[in-house]
Structures are given as C-alpha cells and as structure tokens.
Amino acid sequence: MPLHTTPQCFNKGDAVEVLKTNPFTIWFPATVLRSTPCKKTRNGQIYVEFQTLSDKKPSGRRKEYVNAGDVRPAPPPELHRYFKVGDNVEVLYEEKGWKKGKVNDILENSLYLVSLNGVEEEIMEVEQWGLRVFRDWDDGSWVPPLEVQQMRQKNIQEVELKSRGVKLRIKYSRSRKQTFSEGMSVEVKRCYGSWHTAAIIKSVGYDKFLVEYQKLQSVNGSQFLKEEVDASCIRPCPPEIQSFHPFEHLDSVDAWFNDGWWEGHITEVLGGLKYVVRLMTTEEELVFEHSMLRPLQEWVKEKWITSRKLDMTRSSSDMTLKSKELKIRIKCSGRTLEPKFSKGMRVEVRSDEEGYHGSWYTAVIVDSICQHKFLVEYLTLRTEDESEPLKEKADPSDIRPWPPVIQRIDRFKMLEEVDAWYNDGWWVGLICKILDGQKYMVYFWTTNEELVFDHFTLRPHQEWIDGKWVIAFRKKSKIQVKSKLENLKGQNGGIASHTNFFVGAKVEVKSDEKGYQGSWYPATIVRLLRNGKYLLQYQTLENDDETDLLTEEADALFIRPSPPVIQQTYQFRPLDEVDTWYNGGWWAGQLSKVLKGSNYMVYFRTANEILEFQHSDLRPHQNLARWRMDWC
C-alpha cells in the first residue's frame, strides 16, 4: 500500500499522480491547476486535471478536487529499464493509470507476463514501455530511491518533469531570439536534455511555438504529440555527419534512445562496433551499436560545432561519392579485388535461396575451410530448432565486409536506393512513396512488391566495388542512358489492344522515348480511359518537380502484365537472355561473360555495348508469346 505522508505543496502546472482505490488501487497522471500554499489549502484538497480520465462535459478531461494526502509527484521515466522475474512493478493499466503487479515471466520481443494486484488476480502481457519499478513516495523521496533523484532542482536549468501528453514547462536563460518557420523540421529539448525531432506548426506568442513530434505520441497513442515550446528549447536539425570510423574512448556522442537523442560519452569500446555510453543527465551506462550514435554537435551562435574532428565528417549535401550510374559503366577485365577475411571478422553474406534472392545477412567468419570456402555464423539467423545460431559454408563471392554505418537523420527522398531491414536481413529497394510519421513505401524490383518501413529500419544503399564501398545516391528518373537503344517492337511488344487491365493491377510499360526504347518500367493501373488507354502511375519514375511518382496515359499496346517473378539461384551462363535492372526499368540483353563475385557482362544488341551488372540486378528474360498464352 502507498505511504500517506504529510501533504506536499504543489505549484500550478506540476505533473502529479492521484491515488484512486475503487475498485482497486491505481495512480492516475494529472496536472495541478491551482497552486497549494503550504499553510492553507481548500480543506486539505488540491484542484487537478486528469490526463487520461474523461469528463462527461464537452470540456474533455476530468477536473476535480482531490485529497492532498492522495497526491504525489509524477516519477521521472527511467531509461532502458529491464525487469527480472519476481520484480515488483507498476503497469500502465488500460493506458489510464499505474497499477501494482509482479513479473511472472519474461517473453520474447520485450514482453513480460505480469500478475496484477486486485480483488481477483489478473494476469496480462505487457510491453516493456508499459512497466516501471514500483515505488512509494515517502516524505519527499522515493522508496526505493531513484538513480536520477538528485538531478531535480539543478542551478543550470529548472526542469519540471511532465508525463507524456502534458505541456512542457522549461525555464532557460534566453541568449537570443530564434525564428522558426511553419513546417520547418527541428529538434526540441525535453526531459533531462534529450532532443526529439519535431515540425513547427505555428507561432503561438512571443518566442513560443506549437510543435508536433515525429516519434512521440499522445497518452492514448492515437496521434503524434503536440506541445507549446519556448524558442530557447528549439534548434534546427543538425547536419548529418558520416562517421565511417569507430568512435574512441571518451568521445562525446548523442545516443538514440526512447525516440530521442541523449548526450553522453564513450566509456568503453566493445567488439563488433558496440560501445558503453554514459548518459550525461542520468549517469547511467548503456550499450549502443554504432548505428545508434552520432558525434555530438552543439548549436552555438547559429552555427553547428562538432566536439571532435573526424576524418570523414561531411554533410550529405556536400558528399560527392560515385553514383550507381558510374558503377554500372565500369569496364571489367574479369579480375576483381576480393577482400581478405580473417577469423572473427564481421561480414555480410548474400543469400541466393528461393525467395531470398539478393538479401544480405550479418555474420561472423568462424574459420577458413579451404582456399575458396569460409564457415560463417549468422548473427540473426538460427537453426530450424532455434537452439543455436545458424552456421554454413559460403563462397568468397557471396561475402563482403560489414559496410560502414551511415546515419541518415534527414528524410530519405523519392526514388533513393536503400537497404530495408526485413526478415532479419537487408534487402535493396527504392523509396517509391514518402509517408507521414517518418515512414516510407519501398519498392523491391526483385519481388515486385511494395512494403512500408520506418525511417530507422532503412539505410542508404552501398555497393562493394573493387575493394571500396560506393554509395548509390538518388538517381534522376530521366538520365541520358544509351542513345543507341532502339525500339524492340518485334521482340517486346505489349499485350493486344483489346486486353483489359483492372484498376490496381501491377504492369510494366514500354517506353518509346528516344534513348529509352525497349525499356520496361513497373507501374500500377490507376483508371481505365477511352479508346484502349489507361491512366497509370509509375513505381520508379517521378514527375518533373520530383515531388511525386509520375502519372501519365498509356496505350494498351505499350502495357503488359508484370511477368511472374523468377529468382535464379544458380549463376547465369554466357549467351543467356536476361533483363537487366537499370535506371528504374528492365532492359533486354544477352549475357556475354561471367565474372567473379556474382557479376556479369551483358551485351545490348541494339546499342552494341557491353555493361557490367550484379546477379541481383538480373532476371531471366521470358518469352512474351508463351507468357501471354499462360497469362490469358
């Protein structure tokens, strides 16, 4: 049972919790609406507004006087808190209040089985974010004590902790007036100094702005959290820093945790690009992967200052690495540089199994079996009985070094080539739609699928070429490719004009534009028009202003159904007819030479030119007449 102690004095706007005991004991988050002088209260009561309880009145949230002895401060959140079987905890019950319970079991995916106290014992599954350590408020302190309790009421800044969904009250010494425009992407400083990405909605007064967070949600989880914030707590989003080298001991960093960036420093460098980081505000030490850290930057006098000079610290707007267009135009002599793999080295291994064509999986080199084989142990794949990590033999041509981590703080752009984390591996695809809430639609040409991914489950696509990592930057939808390519009417004609395609059907559209004749581009039927024409939307081409996918009319003669997906797990052979994926479309060619590392030279008859492609960018060319007969 909670300890009832001498009533505490609260100020207007304080985040508190109010005890209710009917039908069971539960603490509800609330905000104090009127200050309570220490000497005199309204019959020992405090006027509060509940954050999760509704009122029958149109005003919304319930407001009432409560006994001062049933009110306590809202405990600050504790970062990265894990629980053991038998721990006394509090559960966010029905997303309204905190109810006492005990951990009975630890399940997969950060789930816990918890038995709740009450008239009748109730057992429920709870996610980690819905649990906190059970504590009592006893004469001005928490029992058991909080690790961050001494942080309250510091001289540097006066921070009044608020529960989620409550307006932030932060007092700063304002040095200068910041001006932010509507829709601008910014970072907002919240509890204990963590920075969270948000967008400016509007100005609401002198140096105050209404912002909408891009990751934080309201208490009921129905929408993204909106708050009024002082301008002194807002800064522009820092420029992206490409850190290709490991961090070092005592480096100052920002760590991504609980949907925000927390300042800290490296206290220990672990293996496998992992680090122990001490968070500055909580003095807590946590383990982070390299991809979850960024070099610390400070916004000082309207300039970004980096704490440590890095070898490669250029923003994404300044980088001038090779594009994929240059990669494909490489003339190959048949010799490629193969990296040297040593025991214990972290690598990525390509899968060519049916249904997994072209995906890459993180692994560790266990041993060298012979001159051309390695034994690898996967970090994310397990044996069929789930008893241990999966081990298998792999050819050097299917292994590449672990790619450097590239942090993308800014949003990905239309048609940018990315790797998507899916089914425990990385799959290459194209951004085909930018969604709200830091989400994207990604198109996979190897499977002709579209799936939705969060920002932090994507990474910029990189290729391992001639012993170097090359970033595949965003490609324009219209690049002058091969002016010699001509219309392949006799070979690749469309379906007959009387063919009917249903709305939403996935198709391929032949281009008759100069330099693009004979190329086929994936699209979706939007609407049936008259005279055998269709309105369609391309999946890999964008409009002139590069704001959305290209939509245009096309005659049925230039449209064919998307061919059935054929994933060739074994190597192609010389003279095989293939379709090559290039600049967002499929181009027919003939394989002329097999190279090392699953690369090929492909001959384009109409252009009389040979280009190099990877295995994952090829598909077997299918005979349209037979395919049409099967399709009809």
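Quick reminder: no glycine exception, Cβ is built from N, Cα and C everywhere.
According to TrEMBL, the protein carries these features:
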DOMAIN    8-79  domain 'Agenet'
DOMAIN    81-139  domain 'Agenet'
DOMAIN    178-242  domain 'Agenet'
DOMAIN    245-301  domain 'Agenet'
DOMAIN    339-407  domain 'Agenet'
DOMAIN    410-466  domain 'Agenet'
DOMAIN    499-567  domain 'Agenet'
DOMAIN    570-626  domain 'Agenet'
Practice task
Over the span of the domain 'Agenet' (245-301), count residues by DSSP class, listing helix, strand and coil in order.
Solution key: 3 helix, 35 strand, 19 coil
Practice task
Determine whether the domain 'Agenet' (245-301) and the domain 'Agenet' (339-407) share at least three Cβ pairs under 8 Å, counting only pairs 6 or more apart in sequence.
Solution key: yes
Fill in the blank from the handout: Its residues classified by DSSP, the domain 'Agenet' (178-242) shows 6 helix, 36 strand, 23 coil
Completion exercise
Model confidence for the domain 'Agenet' (81-139), as mean pLDDT, reads 84
Fill in the blank from the handout: DSSP assigns the residues of the domain 'Agenet' (339-407) as 3 helix, 37 strand, 29 coil
Fill in the blank from the handout: Residue counts for the domain 'Agenet' (81-139) under DSSP, helix then strand then coil, are 3 helix, 34 strand, 22 coil
